[in-house]
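Annotation source TrEMBL lists active site, proton donor at B:Lys214. Under the heading NADP(+) binding site, TrEMBL lists B:Leu20, B:Gly21, B:Leu22, B:Gly23, B:Asn24, B:Val25, B:Gly26, B:Ser27. Positions annotated as NADPH binding site by TrEMBL: B:Lys114. For B:Glu199, the entry in TrEMBL reads L-homoserine binding site. Look at TrEMBL and you will find B:363-442 tagged as domain 'ACT'.
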Protein chains: 2
Amino acid sequence: MSSEQASGLVPERTLGIAVLGLGNVGSEVVRLLTAHADELQARVGARLEIKGIAVRNVSPDRGVPVELLTDDPAALVSRDDVDIVVEVFGGIEPVRTLILNALNSGKSVVTANKALLADYTGELAAVADAADLDLYFEAAVAGAIPVVRPLMQSLAGDRVKRVVGIVNGTTNFILSAMGETGADYAETLAEASRLGYAEADPTADVEGFDAAAKAAILASIAFHTRVTASDVYREGISEISAEDLASAADLDCTIKLLAICERVTDDTGRERVSARVYPALLPNAHPLSAVNGAFNAVVVEAEAAGRLMFYGQGAGGAPTASAVLGDLVSAARNKVHGGKGPDESTYAKLPVMSIGDTPTRYYVRMEVADRTGVLAAVAQEFANHGVSISTVRQSGLADAATLVVVTHRAPDDALSKTVAALTSRDFVNTVTSVIRLEGTSEE
Amino acid sequence: MSSEQASGLVPERTLGIAVLGLGNVGSEVVRLLTAHADELQARVGARLEIKGIAVRNVSPDRGVPVELLTDDPAALVSRDDVDIVVEVFGGIEPVRTLILNALNSGKSVVTANKALLADYTGELAAVADAADLDLYFEAAVAGAIPVVRPLMQSLAGDRVKRVVGIVNGTTNFILSAMGETGADYAETLAEASRLGYAEADPTADVEGFDAAAKAAILASIAFHTRVTASDVYREGISEISAEDLASAADLDCTIKLLAICERVTDDTGRERVSARVYPALLPNAHPLSAVNGAFNAVVVEAEAAGRLMFYGQGAGGAPTASAVLGDLVSAARNKVHGGKGPDESTYAKLPVMSIGDTPTRYYVRMEVADRTGVLAAVAQEFANHGVSISTVRQSGLADAATLVVVTHRAPDDALSKTVAALTSRDFVNTVTSVIRLEGTSEE
C-alpha cells in the first residue's frame, strides 16, 4: 500500500465479486474471501468485495450477511459494480445463460462447473476471448490440485503425449475399500454413501460421467483440440467384483477408474486424440496405483518434461474453494494490471479416435472346460482376431478351470470381437470379467 | 491465424528471443523452439524467432546455425529486435548485470538461475515490476515440475502452511542408492559421479547449497516474504552413514535431504518463516519417502487445499527446458496480449526464525556403557533441557549398548544442548548420529 493510500488520499480500488451458489464450495469461497481479505488485497492490488451471493432460497440462517443474498442471479451478474462472477451452482441451465450474460456485460468468470465446460467451453470461451475477459476453471478438474494451469501454462512450450488421472474421489474410495476389505461393490457403495463419500444418486460418479466430463476438459487443453463429453468413451465401476480385485492383486496390479487422454497415431500416420474413462488394471509399480481413498492424482507425460504427477484432494468444499480463489486472484490481477489468462486453444483440431480403433490391453477371466486342447483353442481365438497374448494363468480342479489371459496391445475392436467369439464357443462356460490393462511399459 | 494473415495481407508478428547459454538446457531450449515453432506460434499468437545465442566460444560445431552465435551477450540482450531474454548461463556475474540490462532495455526475462534468484530476486523483480516486464523462473526450482506457478498463482487465494521438497537429484540419488545397496557415502558418491549424477565438484549438491537456494525461492513465494540463501539453515549429507540408513529402516523410516519452508508461530505468538535444508528421517508412510533416484517432489500444505504433491524430473536438459519454454510462452503471450505475470510479493515481511528457535524432532544414536542406571541418566539429560522423549530403543551386548532416542518436538537449541551435554557424560562413549525427524503427524 502506498503512503497516499495509507493516508486516504487515493481511494482504495475495489473489485466487485458475485458468487453464484452457497453450497459446500460457495460457503468456503465466501469464508476465505472474508477471512483473508487483507492478504488477497495485497496480492491483487485491489480489495475484493462480495457484492451479492445468489441462492435458491434467501433465508437469514445461511451463515453470511442476509443482505448479500439474492434469489435473482440474473440481476446479480449484470450489476455494474460486479467485475468478476464466481459460479459454483453446478448444472447446465440456467448457469450457461448466466455465464454468457456475465461475459457479455464485461465480467470475467471463474467456474468449477465440469459438466458445463465439458460441453460448452467452446461457446463460453469464444465470448470471453472476443471480449478480452477471463474464463478460468481450475476447480473443475481435480479440486485443489493444480492441473489446468500446469497444462495450459507450465507445459505450454512442451508437447503433451498422455494425461492419465484418477479424477473421481467416490469411485476411488469404493475401489480402494473393495481392495482392502474384500467386500463386494454393492456393500461398499452403501458404506461409501453412509460415510458421505457417495451421493444419494451415485450414478454420475459410479458410471463415470463425472470423470468423462473431466477427461473432455483435460483432453481439450492438453491437445489444443475441442473434445466434448460425447467424444469420451465411458464405462463405470458397477461391474467390478471383489473377485476382480483379488485377481488383480495376484497379477501385482490394482483396479482404478482412469480418465485417459492420449495423442495416438492411427494406421494412416495421422495423429488423433483418444479420450476414455473405464476401470482398468494398473500395475502396483505405477505411481497412480498408490493413490487411495478419496484422493485424486493426475499423471502428465510430455515430450521434454517426461512424467509428472500431481496429487491431492480432488473434492470437498475447502480444496475446491482454494482452486476457485486461485483463479479469482488471477482474474482480479488481470482486471487491475491488464492482460488476460490463456485463451481457449483449439488450433490442433485433432480428430477423435473411436474406442474401437484405440489400442489397449485386455485382461480376460473365463471359466473353461478342463480338457485337453482347450488352452490351444482359446489361444487360437485370440490369434484369429490378430490379438497377441502376453500371459496365461490357469487354475482349477475337477472338470472346470479358470483361465486368465492378459493380451498385448491391440485395437479395442479386435479385443472385443475376440471376447464375443470366445463367449460363443462350447468349451468356454462363461467369460467372467473383461477389464482393460493400463500403465504398463507397453504403450 | 486469421484469413488476412493466411493470405499474407497482414505481416506475421514476430517476437525476438535471445538465449544466453548453450549447455544441456540451452541446447534443448533451442531445439524445442525450432522443432515446435508452428505450435508455439499458434499458442502465443506470434512467431518466436531466435535472434542470437550467447556462448563463451563461438565455433561452428555447436549444432546450431553458427551465425546465431555470439560471444557478446551484453550486445545481444540490448538489441532492439530482442523482446525476451532466456538466461541459462548460471552463476551470479555477469548474469546479474545482463538481466538488469535486459530489463532496463524493455525485455522480459526467463531464467533458470536458482543461485542468482536466491540472492537477487528483490533487485531484479523491482526493476521488472517498475518497467511492467516479466521475470519468470519456474525452471529454477525442481526442473520440469510446476511448483513456482502453482505457488504464485494456483494457491494465490489460499494460505500456505508448509512446503517440503526433495529438490536436489544428486543427493536423492546417493541416499536412495545407499538405502538400496548398504554401501557407504564415499563409495556411493563415486558411483554417482561415474554415472553422471554428481558433478566433478559435488559440493554445491552434497553440502545442500543447491537445495538451500531453492528453499529460499520457495519460502519467498510461499510466504510473500523475501528470504535469501543466507536465511536458510543448511546441512549436507556427507555425514550420513550406511548405518544411519539401516537404523532408519528399523524405525520404518528413510533418510532424505529435505528443503523445508514453514510458517511457524514463535513464543510471542508472532508468525515467522523457517527455511532449512538438512538430511532427515522421514516415515515410510510419508509421500516423499517413495521419491527415489534422481526424481524430485515437492509437498505443499495449504489451509484450504490441504496437502498437494508435485512429482517429476527435477533436472536434466529436456525437463528444465520444458519449464523454460512454458515461461517463455507466458512472457510472449503477455508481450502480444498485454498484462504481466505475478509481481514479486513480499508484503507479509515475516521475520526469519533462527534454527535454534525452530521446533524439530531429533533421532540420537549413541554408544553407552551397559550398566544399571544409564538409561535413567540419559533420560535425565533430555529432561534437564526440557526435551520430551518419544521412543527409546536399546540393543547391545557385553558392557556396551547402542541406544536410539527419538524425541518429541522441541526447539533445536534445546536438542543440540542436550546432545552436547550427553557427549560430555562418562557413561556415553560416543554419540554416533544426530539426525532430525520430519514428516510425522507431530507438527
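In case you wondered, yes, glycine gets a Cβ from its N, Cα and C as well.
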What does the DSSP secondary structure composition of the domain 'ACT' (B:363-442) look like, as residue counts for helix, strand and coil? 24 helix, 36 strand, 20 coil
Taking the Cβ of B:Lys114 (NADPH binding site) as the reference point, list residues of the same chain whose Cβ is under 8 angstroms away and which are at least six residues distant in sequence. B:Ala140, B:Val141, B:Asp210, B:Ala213, B:Lys214, B:Ile217
Sorry to bug you, but what's the C-alpha spacing from B:Glu199 (L-homoserine binding site) to B:Leu22 (NADP(+) binding site), rounded to the closest Å? 18
Of B:Asn24, B:Ser27, the binding-site residues given in the record, which has the fewest other CB atoms within 10 A of its CB? B:Asn24
Which residues, sitting 6 or more apart from B:Glu199 (L-homoserine binding site) on the same chain, put a CB under 8 Å from its CB? B:Thr170, B:Ser193, B:Asp205
Could you list the residues of the same chain, at least six apart in sequence, whose Cβ is under 8 A from the Cβ of B:Gly26 (NADP(+) binding site)? B:Val19, B:Leu20, B:Ile53, B:Val86, B:Val88
Check: same-chain CB within 8 A of NADP(+) site center, minus B:Leu20, B:Gly21, B:Leu22, B:Gly23, B:Asn24, B:Val25, B:Gly26, B:Ser27: B:Val19, B:Glu28, B:Val29, B:Val30, B:Val88, B:Phe89, B:Gly317
Around the Cβ of B:Lys214 (active site, proton donor), other Cβ atoms found within 10 Å total 29
For B:Leu20 (NADP(+) binding site), what is the secondary structure state per DSSP, taken as helix, strand or coil? strand
Same chain, 6+ residues apart, C-beta under 8 Å of the C-beta of B:Val25 (NADP(+) binding site), given in sequence order: B:Val88, B:Ala112, B:Ala139, B:Gly317, B:Thr320, B:Ala321, B:Val324
Same-chain residues six or more away whose CB lies under 8 A from the CB of B:Gly21 (NADP(+) binding site)? B:Ala54, B:Val55, B:Glu87, B:Val88, B:Phe89, B:Gly90
State the three-class DSSP label for B:Glu199 (L-homoserine binding site), counting H, G and I as helix, E and B as strand, and everything else as coil. coil
Considering the binding-site residues B:Leu20, B:Leu22, which residue's Cβ sits among the greatest number of other Cβ atoms within 10 Å? B:Leu20
